[in-house]
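Features of the protein shown, as given by Swiss-Prot:
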ACT_SITE  H181  active site, for protease activity
ACT_SITE  D216  active site, for protease activity
ACT_SITE  S284  active site, for protease activity
COMPBIAS  541-553  compositional bias 'Basic residues'
COMPBIAS  558-575  compositional bias 'Polar residues'
DOMAIN    135-335  domain 'Peptidase S39'
REGION    513-575  region 'Disordered'
TRANSMEM  10-30  transmembrane segment
TRANSMEM  36-56  transmembrane segment
TRANSMEM  74-96  transmembrane segment
Amino acid sequence: MYHPGRSPSFLITLANVICAAILFDIHTGGYQPGSLIPIVAWMTPFVTLLWLSASFATYLYKYVRTRLLPEEKVARVYYTAQSAPYFDPALGVMMQFAPSHGGASIEVQVNPSWISLLGGSLKINGDDASNESAVLGSFYSSVKPGDEPASLVAIKSGPQTIGFGCRTKIDGDDCLFTANHVWNNSMRPTALAKRGKQVAIEDWETPLSCDHKMLDFVVVRVPKHVWSKLGVKATQLVCPSDKDAVTCYGGSSSDNLLSGTGVCSKVDFSWKLTHSCPTAAGWSGTPIYSSRGVVGMHVGFEDIGKLNRGVNAFYVSNYLLRSQETLPPELSVIEIPFEDVETRSYEFIEVEIKGRGKAKLGKREFAWIPESGKYWADDDDDSLPPPPKVVDGKMVWSSAQETVAEPLNYQRAAGSRPLPPFLNLQATTSKKEKQPLQEECPLDLLGSRLASLESCVEKILQMKSLELLGSSQNCQTSPGPSEAPKQSFTPCYSKQESLIPLESQGILKELVKTSLSATPPPNPVTVSVEKPGPSTQSTKKSARRRNRRKSTRKPVQESPSPASPQPTKTSLRGI
């Protein structure tokens, strides 16, 4: 495929851009006067100018040297019917014909099987060896010189036209695309003709070709000055569509062309297409034109008198001859491994493409055949090298295709003895560095600390509650409770914190700090905010019912007895 980095013009342009940057730096005073860089920078544009002049002179020389000669034509002699068919009792159906060059007319016997063909134009070619066929009910139209497509070109062998082709681009290369049996046959092509002028064919390269009957094509690299001399322009290869109106061109010379119109039809195999355009001898390789471009190339007849066959040019250029790995999606064709071909229910055709290799073509699939033709696992046992023979319990390798005289794995490897310690070795004084221990808090230690903290807090609260109860009993003016105490969900420690002296509160805070510093931090918990739903509403209702029951309970009027004080137990949450 064409790559811009490999073109000499691209490299020269890049060098001139660099030199232009250097010259700009020189103009702005970026280099010293004695430096050699400005000289090299001026030499590059000068060499580029010489190269362009030499290239233009070479092109002019080749253009002038290419000779444009008048197209050679065959002086065809034919006879024209002068009378209607008539019946002769002895000879059958007869007709009178007169020669085209003038002279006396002759009487010709008409074959009875041809009588039905006399009412219209010629339907089927008379040459039995021809691969072309007209289509019943179709007619040929004359084409004025200059009205044919600009990409169409005739292929000549002496004065005879042996086929047609078109100029197009395949994998980035400008080339001639035609049928292989036109370019490589006994009648060697000698010239390309366009609008009555022809250019002699030289030893042009054919990098890609296939001689299979169903996939008949060749790619010829024609020099650009030849295309320019003939006035042939490139065309585009497009994907064919079903029931697409198409036209084929052909004739005895490039300035005496006929055209036939028909309909293009796609078949199960994507590399093939059929059309109903009438053709004649010498039309092989002619492009099949649609309103969008070239959809295929005519190669022969499919059903004589009804359908003709062509090669899908878009499939060939974009799937078989494409150097890129990415395939276009227009035809939905995929490449499969070679071993998957046998798993398909239909038959693949095997083709060999010069310049690409062998391939298997299916309906919407194709596979490239490995160079050996099969994988190593498919080799027959006879093709494998003979194994060694066993004689008297020993393996004889003389008859085997091996490079050793003894087996690689005998009984076992020889035993190895450890080396004695070296006497000159001395002990080193280096000490092993101790790794710093990471602080950790085991679960049992944490549990014991929490238990001791709770017991300490509980004892202090019991002592303070007893002191408060004793002082309240000794007080004469202390009124009783005016109302029943309400149940509170506040922790016990928070309620009685005001009752604890300041000295005890400091001790408790120090204990809490010591316990929390030895406790590892808890994992963060992500709080998810839920939207109110049926479950949350039912939870709120049940909470309201519980609060109503608590409010309707009978309040306790009696004060706690000093003889039986109720110790208050608090948890770590209240600290």
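Quick reminder: no glycine exception, Cβ is built from N, Cα and C everywhere.
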Give the mean pLDDT for the domain 'Peptidase S39' (135-335) on the 0 to 100 scale.
89
Name the residue among the active-site residues H181, D216, S284 whose Cβ has the smallest number of other Cβ atoms within 10 Å.
H181
What whole-number Å value do you get for the CA-CA distance of D216 (active site, for protease activity) and H181 (active site, for protease activity)?
7
